[in-house]
Amino acid sequence: MSAPHLLIDAGNSRIKWALADAQRTLVASGAFGHTRDGGADPDWSALPHPQGAWISNVAGADVAARLDALLDAQWPALPRTTIRARAAQCGVTNGYTSPEQLGSDRWAGLIGARAAFPDEHLLIATFGTATTLEALRADGRFTGGLIAPGWALMMRALGTHTAQLPTLSTDIASGLLADARAEPFQIDTPRSLSAGCLYAQAGLIERACRDLAAAWQAPVRLVLAGGAADDVARALTLPHTRHDGLILSGLALIAAEGAARD
């Protein structure tokens with residue numbers, strides 16, 4: 001029986017990991033912060049020895065060094081691969097003019113989405129520090145995407161760059177809107193800011209989905225992922241599917257392809 005793969009998704013806000021067996025089933029998973037101040041280190045002591053680590057890192061060199069230190073402490077000399085977007089991989093063709101410019105997290109997510117929803121046209125919306133959209137045709141062609149500030153970043157920008165508007169977190173904003181979602185307009189400043197930025201997210205998604213369906217002359221499945229997906233979903237008027245495991249699933253496919261090639 002082959003050893004499992006350790007999968008690591010180092011995003012802008014936190015680091016998620018999973019252990020995938022030979023059937024690409026995630027048998028263990030967790031999350032931790034970029035620094036020790038962000039919470040405890042992952043406890044990998046009970047995990048079986050993986051054959052290697054497959055890493056998507058969009059968080060920079062400091063996080064890469066932290067990951068190396070954690071891996072070396074648990075499994076010295078463990079082989080590790082930091083993935084990069086390619087022109088084509090695992091059934092997905094990259095439509096970027098410079099394929100390597102596409103973030104590794106978005107690339108892994110596209111591969112995961114292609115496997116999760118085969119033979120379907122997809123719009124994948126991920127709500128993190130940034131809100132990203134990817135258009136993926138049923139034949140596996142990624143035709144392009146959009147990047148916008150995330151919900152939290154929108155609200156933080158308004159609070160930081162204006163004199164009288166508050167700086168709100170998504171937790172606070174979500175609570176403010178919990179009793180006000182039926183109202184299209186709000187009657188105080190914190191709720192107006194929370195709802196305005198949330199509707200900006202929803203409006204972007206709905207416009208992109210309608211434009212994509214019109215351009216392709218076919219139905220498009222809207223797939224939502226990320227920390228703010230629940231809040232944005234409640235503001236949407238379009239049908240949608242929630243799937244938060246696309247990046248790790250994509251990493252599992254990339255790891256399996258690499259192991260088969262080796």
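Note: Cβ is positioned from N, Cα and C throughout, glycine not excepted.
The substrate site recorded in Swiss-Prot includes G103, S104, D105, R106, T189, and the single candidate from Y96, Y199 that the record places there is Y96. Of the listed candidates (T97, T126, T129, T131), Swiss-Prot assigns T129 to the same ATP site as D9, A10, G11, N12, S13, R14, I15, K16. S13 (ATP binding site) sits 27 Å from T189 (substrate binding site), taking the CA atoms of both as reference points.
Secondary structure from DSSP puts D9 (ATP binding site) in a beta strand. Between the listed binding-site residues, namely G11, G103, the fewest other CB atoms within 10 angstroms of a CB are found at G103. Excluding D9, A10, G11, N12, S13, R14, I15, K16, T129, which define the ATP site, the same chain contributes H34, V58, A59, G128 within 8 Å (Cβ to the Cβ centroid), listed in sequence order. Highest Cβ count within 10 Å among the binding-site residues S13, S104, T129: S104. Nearest neighbour of G11 (ATP binding site) by Cα distance, taken over the binding-site residues Y96, R106, T189: R106.
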